[in-house]
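These features come from TrEMBL:
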- B:R78, B:T79, B:R128, B:H156, B:Q159, B:G284, B:P285: carbamoyl phosphate binding site (BINDING)
- B:K106, B:R189, B:R243: L-aspartate binding site (BINDING)
- B:26-168: domain 'Aspartate/ornithine carbamoyltransferase carbamoyl-P binding' (DOMAIN)
- B:176-321: domain 'Aspartate/ornithine carbamoyltransferase Asp/Orn-binding' (DOMAIN)
Amino acid sequence: MTQPLLIENARIIDPASGMDHRGAVLIENGLIADLSTGGPVGVPDGAEVVNAKGLVLAPGLIDMRVFTGEPGKEYRETLASAGQAAAAGGITSFVVMPDTTPPVDDGALVDFLLRRAKATSAVNILPAAAITKGLEGKDMTEFGLLKEAGAVCLSDGRKSIQSTALLRTAFSYAANYDMTIVHHLCDTDLAGNGVMNEGLFATILGLMGIPIEAETIPLARDLQLALLTDVRYHAAQISTAYSVELVAAAKKRSKRITCGVSINNLALNENDIGRYRTFFKLSTPLRCEDERQAVIDGLRNGTIDTIHSDHDPQDVEVKRQPFAEASDGAIGLETLLAAALRLVHSDDVDIKTILRAMTSRPAEILGLDSGRIAKGAPADVILFDLDYPWQVTETQIRSRSRNTSFEGARLAGKVMRTIVGGQTVFSHETETAT
Amino acid sequence: MAQSRSSKASSAAAGSTGDYPPFSQRHLLSIADLQPYEIIDLLDRAEKMVPISRQERKSHPTLAGKTQINLFFESSTRTQGSFEIAGKRLGALVMNMAVKTSSLSKGETLIDTAATLNAMRPDVIVVRHSAAGAVELLSQKVGCAVINAGDGAHEHPTQALLDALTIRRQKGRISGLTVAICGDIANSRVVRSNLLLLGALNVRTRVIAPRNLLPAGIEHLATEVFTDMRKGLEGADVVMMLRLQHERATGRMIPSVREYYRFYGLDAEKLAFAKPDAIVMHPGPMNRGVEIDPAIADGPAAVITEQVEMGVAVRMAVLDALLPAGDNTP
């Protein structure tokens, strides 16, 4: 058994219960053994006592959308390197997307991922299994067997299924096993050769645009099919005002409909592309400021449930290219919390709402026991300094790829300690001491 | 028409271009990077280059000993030829990289290519690429001057400069004119460079196209936007026609060539809406019978061959401006 750990004098924020209070947490045997917001907490013999004065204690973050290169493209990212990056970013669990080589479309691969994750990574890695074989958007995978193997949800990752008939069948079959469908939204025909948000800025740069309708048309279709089949449906990431409207309307009719947003669409807009900066080439594309503001509204009013990093490691070879020819994606595990806290510091969103979208809401959607500070819950917790100023530099990146959309960014808010199942997997002190 | 400044300029012709302060840009990547005075400066320099090409011995070797590489990822006989002649008339050693037969078609990245060429120590690289921003990306990785000879649907700065020079020689001025640009606005780099250049010089710019060939936000880039060609041409001093990539567009962007020609092809009837002394321009190569009536293309209002001639002058001026004599820094 590990040494018991008492964290006292922390500002405990637990979005699940609504708690935001000074208090102490006792961690023992991988669980939150006790919790106090006033009275004394019994300190077991030999416990490590941490005075967390000035720090926030919150549930560890749960990131619903992470890509790695394992198996197949380990030079981009392994489960181990992604795990280290996650730990440094205060992420104690993440869903790994099935877009690997080969794709995770078979129970044996889910099993492989779980074993590799356990052997090489200190954080919880939750595999998402493909909806269609080979992520080809044609034939369904074995949902039941994938669930048995340990898949936490079904998703075709970066791919968006185009066939309405196939989606209907898949939604209905997923409902049969009570599995959540997480679907990326892109009408590939309408998006065409588009490489960024359609509008004046794309026109000035001479780049082909992707209209917002390439997102809202498949979203409207998915929502109707979700209502028809009563599946647990999670729109992977939305980015437009009209998408927020569509989801809000559908949510009135079903409690099983949820949606997420990438931190990139919350914190950045298309102007960040500047002169063809490919680290800002993303799918879902960065939109204009009006759409970003609408998405922030959607987060504030609860239409948007979750915030994720959309961590997508890409190497120099595919990123240092002309914009239209470069790969999509940016890493984000290490910057997720601090980038989200930008919205808190700018008074756009309160801290509890921000944390809820990265803790209790994803836990509820995925059916996890974590994501909350409560007696008996898994001891997946983080301590962070809400105001700690730092600058993102290439040298400090733990991910194997360096394609961060926050390079050079000045951020406020840093994880001081990350605890997974009672074990400290990251400590700011030891990191800075070495 | 068409007298203007050419005679005046020719007297100063053989003179050096050293009357000008050093050009402040390291590369010519886009018109957007240029201040109005820099545009005027380049046009003035180009004006002085015109007579050189009209001499019997077309040589003005200010770039002797310099190396110019033409790197064309998209083939373009006329632009590449124009840059080659421009460089050679200034005495530079010009090398054409045939991209299709080089390792570039074997998956070498643009960055690797840049590093390789850079190691050969050229003084200037002229680049055309099918992707917007590719020339700028390459410019960041080399130690010499880079000239954008067209990058995707982004910019084609020397085309805009040669168009402006042609207009100035024909009309005696640029400011205050009304210039109508008609055709595939959405996919044209020529339009973007022209709108930026003409806009910087206080020209009333108009774009004319069917809605599906107008890019989003174009109303912020042009003074006026028209879908009716006759209205768009009304009172225009200059009519610029664009090439329609009809092999690519038919069925996808437009239903047929005959319908396009009926509504957006320049013929005498539509041209009559422009000013009586309006000039007709085209960046070439032309599709006679697709976007322009052969009678107009070869008629008195057309200044299309002068555009080609000004192209050489402008490119000489740009090379000369970017590579000041005696400067041998890598």
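Each position is counted from 1, following the chain as shown.
Heads up, the Cβ atoms here are built off N, Cα and C, so glycines get one too.
Where the annotation comes from TrEMBL, it is an automatic prediction and has not been curated.
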Least surrounded among the binding-site residues, given as B:T79, B:Q159, when other CB atoms within 10 Å are counted: B:T79
For carbamoyl phosphate, whose listed binding residues are B:R78, B:T79, B:R128, B:H156, B:Q159, B:G284, B:P285, the greatest C-alpha pairwise distance in Å: 16
Cβ-based proximity (under 8 Å) of the binding-site residues B:R78, B:T79, B:R128, B:H156, B:Q159, B:R189 to chain A, or none: B:R189
Other residues, Cβ within 8 Å of B:R78, B:T79, B:R128, B:H156, B:Q159, B:G284, B:P285 Cβ centroid (carbamoyl phosphate site): B:S76, B:S82, B:A149, B:G150, B:P283, B:G311
Binding-site residues: B:R78, B:R128, B:H156 - member with fewest neighbouring CB atoms within 10 Å: B:R78
Cβ neighbour count (within 10 Å, all chains shown) around B:P285 (carbamoyl phosphate binding site): 9
Structural state of B:R78 (carbamoyl phosphate binding site), classified by DSSP into three states: helix
Summary of DSSP states over the domain 'Aspartate/ornithine carbamoyltransferase carbamoyl-P binding' (B:26-168), given as helix, strand and coil counts: 70 helix, 27 strand, 46 coil
Secondary structure content of the domain 'Aspartate/ornithine carbamoyltransferase Asp/Orn-binding' (B:176-321), with strand meaning DSSP E or B: 61 helix, 26 strand, 59 coil
Averaged pLDDT score, the domain 'Aspartate/ornithine carbamoyltransferase carbamoyl-P binding' (B:26-168): 92
Integer Cα-Cα distance in angstrom, B:G284 (carbamoyl phosphate binding site) to B:R243 (L-aspartate binding site): 7
Which of B:R189, B:R243, the listed binding-site residues, has fewest other Cβ atoms within 10 Å: B:R243
B:G284 (carbamoyl phosphate binding site): tally of other CB atoms within 10 A of its CB: 17
Cα proximity to B:R189 (L-aspartate binding site), best match among binding-site residues B:R78, B:T79, B:H156, B:Q159: B:H156
C-alpha spacing of B:R243 (L-aspartate binding site) relative to B:T79 (carbamoyl phosphate binding site), in angstrom: 15
Separation of alpha carbons, B:P285 (carbamoyl phosphate binding site) and B:R243 (L-aspartate binding site) (Å): 7
